[in-house]
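If you look up Swiss-Prot, you'll see 100, 122, 124 marked as Mg(2+) 1 binding site, on the strength of sequence analysis. Feature annotation from Swiss-Prot assigns Mg(2+) 2 binding site to 122, 125, 293. Sequence annotations record features per position, and here Swiss-Prot assigns substrate binding site to 125, 126, 127, 128, 221 based on sequence analysis.
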């Protein structure tokens, strides 16, 4: 099927840059290199079990290690991280990088020029799904390097990356599913690009994506229900009560165990995703990482008319305190996220306004 009439990612970025005559084009070049890393990873993923990258990390010489998160690395975790580094370290646009798979920031080698941006990424989200052929993805966030880093050329430190999500200049993800799609914002709405395997180019297939304000779908890992805080229990119970409950309509519950897949579904047709703060592990008040998971998804949601929150405050307003900081995350259709925020704000005595939920949860503790 000829798709030559569709806009390429390169053309899209050029036309976006024209809105800012003073722009140098460095951001465009960086995004295109990120896209190249995603293309390379898409090719590896497409071979599935025909290749070596999807095998059990415990049996592979390049996998089976433990990353900074305390998670066992599969070969593709390691390979995807290496792809992102090699595709982006040389281009002269970056002052440094940070990844889920690396404990410390990655310093640009002295043999390459340094630039004015920072790249933060999760090279392979949903890697627990690799062996069962469920959609996985890559997430990235682009920040400006502090002025003194650019002026002096000094090595970046962890503190240079600790910027609130509102400071992002671009964010996106690539989902490796039946097709490979790159979803991107440069601060002027959200667009989706599908990888044409014949041309090897990302082509614009959706522009000005908007998240429906209302929904009848929610995504949460119900196995953690005994650890949820009362506002989250209340919200889920009300959804599960369906037409006979206070919401007066039926809801469907989803869970893919891949935040990229969940975010993509919500951007395309609405919904709300919850991986909230809970009491399961006091040392981890949230499961997802702020800088390279919550922040880029929050920027995409907000740019698409949705909302992203901890339940207590907007994600984009949170000031990070550590490179791998975890946080509770709720995002999706604006009306639903705001409802959950209201439940967090109401006094505890009002959290069980409906008698059905005053004494028990539909999820038994």
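Glycine too: its Cβ is placed from the backbone N, Cα and C atoms.
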- [ ] Filter the binding-site residues 100, 124, 221 down to those whose C-alpha lies within 10 angstroms of the C-alpha of residue 293 (Mg(2+) 2 binding site); answer none if the list is empty.
- [x] 100
Open item on the list: Using a 10 Å cut-off on Cβ-Cβ distances across all protein chains shown, tell me which of the binding-site residues (127, 221) has the largest neighbour count.
Closed with: 127
Task: Span of the substrate site, taken as the largest CA to CA distance across 125, 126, 127, 128, 221 (Å, rounded to a whole number) - done: 17
Task: Secondary-structure category, per DSSP, in which residue 128 (substrate binding site) falls - done: helix
Task: Environment of 100, 122, 124, the listed Mg(2+) 1 site - residues of the same chain whose CB lies within 8 A of the CB centroid - done: 77, 80, 81, 99, 101, 121, 123, 125, 127, 138, 139, 292, 293
Task: Neighbours of 122, 125, 293 excl. site residues, C-beta within 8 Å of centre, Mg(2+) 2 - done: 100, 121, 124, 137, 138, 139, 173, 259, 260, 288, 289, 292
Task: Count of other CB atoms lying within 10 Å of the CB belonging to residue 122 (Mg(2+) 1 binding site) - done: 28
Task: Nearest-integer angstrom distance between the alpha carbons (Cα) of residue 126 (substrate binding site) and residue 100 (Mg(2+) 1 binding site) - done: 12
TODO: Around the Cβ of residue 124 (Mg(2+) 1 binding site), how many other Cβ atoms lie within 10 Å? Please give the count over every shown protein chain.
DONE: 29
Open item on the list: Among all protein chains shown, how many Cβ atoms are found within 10 Å of the Cβ of residue 126 (substrate binding site), not counting that one?
Closed with: 21
TODO: Write down the Cα-Cα distance for residue 221 (substrate binding site) and residue 124 (Mg(2+) 1 binding site), rounded and given in Å.
DONE: 20
TODO: Give me the Cα-Cα distance between residue 100 (Mg(2+) 1 binding site) and residue 125 (Mg(2+) 2 binding site), rounded to a whole Å.
DONE: 9
Task: Lowest local Cβ density among 100, 125, 293, which the record lists as binding-site residues, within 10 Å - done: 100
Task: Rounded inter-Cα distance in Å - residue 128 (substrate binding site), residue 122 (Mg(2+) 1 binding site) - done: 14
- [ ] Run through the Cβ atoms and count how many others sit within 10 Å of the one on residue 128 (substrate binding site).
- [x] 14
